[in-house]
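This report concerns only the one structure given below.
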């Protein structure tokens, strides 16, 4: 496996995180690999990891991982969520979703399974099959361990599950440590309250016990687990807005301030961190949200869900959210969490995964172009040349979804002869504007014809 020898050389180290080695001035094999993938200098990647602006989620128990970077210096990344529920799916279906997500360009995948069989077996199968980083939300399995009875949850239950996930090879975990008991009254004026599953569990626990969030009070113990396996924090935004009305409110920003404090606490132990963000945010507030996160969290990579820019399109929320995601990426968000057409409606199937992922690959790519990332537009230019030259097969190859592009073309013109035709079914053979080729000789003749003629002298 790719990383087996790299990992073996670190055996016995108390801290095996990429941040720890980067702060020692070392360029690890993972750093070099990411630098090559991103066409960046290895020293730049190392310095960004050391600073905390870039993370490389790479658990030492995930040896078949192909390392990738998440940060402002790298391409804008896309995460795909999969996972079985008590009402739908199973291990085989989730592994198939993983393979589909990787095929269509997911940079990371989160297993959000809450049921549907043996959660440990599902997670293990996904990690073993995955070349991309895998994330989880350990609170879900912690709740299952007490049969859904939130009041019976203990810090020990939660820490045991976190360590189990780390030992299995999970590369990053959503840890909802930022929601504090004093934040709960701030949700009173909301339309949709708390919409984070993990945050909702912890809110109910705090209300039942009148005690502080156990993930907050035991944060240093989680740090100690993470540095043993190089697990990255994905600090969860439990109080993210669940609708336009609730965006950018006091509850959201109170938690964000705490997430910044936790980020810096993890950094003191050389543990990698990214910070999760909203959610549902109107377009005119997205830039402010990104800037505020950078300020509060000392430029730790920002990882946002959408955001959805309107709430009135169930069944089309891959579109409402991709609009917000493109803007968030442009303003500096490091990773976008995809949303599928099934959002708010049901568990996504394989086709939903494909549709949501392609929408988000478009958003991330558009953000890279807008950010002026070197080489970001190269593929666009190459596809445009193929389009202008009626090289249909090359157009399909360069598409984000080659199968869908070919399928749509072939609905009306399936015969092979039309793969070299200088038209498609939209314009037909007589009206395609790209048949108009203006060469240099034609331009020279045109310029000569338009050149003012000398006026004859009058006698």
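Cβ from N, Cα, C; glycine included.
Per Swiss-Prot, the substrate site holds 81, 110, 140, 196, 197, 198, 237, 238, 239, 240, 276, 303; the candidate it also names there, chosen from 62, 165, 176, 218, is 176. Each of 423, 425, 426, 428, 429, 431, 434 belongs to the same chain as 424, 427, 432, is absent from that list, and has a C-beta within 8 angstroms of the C-beta centroid marking the [4Fe-4S] cluster site. Of all the binding-site residues given, namely 280, 344, 424, 427, 432, those whose Cα is no farther than the 10 Å limit from the Cα of residue 240 (substrate binding site) are 280. Candidate binding-site residues: 198, 238, 303. Nearest to residue 427 ([4Fe-4S] cluster binding site) by Cα distance: 303. Secondary structure from DSSP puts residue 198 (substrate binding site) in a helix. Of the residues the record lists as binding substrate, namely 81, 110, 140, 176, 196, 197, 198, 237, 238, 239, 240, 276, 303, the two whose Cα atoms sit farthest apart are 20 Å from each other. Candidate binding-site residues: 140, 198, 303, 432. Nearest to residue 344 (Zn(2+) binding site) by Cα distance: 198.
Closest to residue 81 (substrate binding site) in space, going by CA atoms and restricting to the binding-site residues 280, 424, 432, is 280. If you take the Cα of residue 140 (substrate binding site) and the Cα of residue 432 ([4Fe-4S] cluster binding site), they are about 55 angstrom apart, rounded to a whole number.
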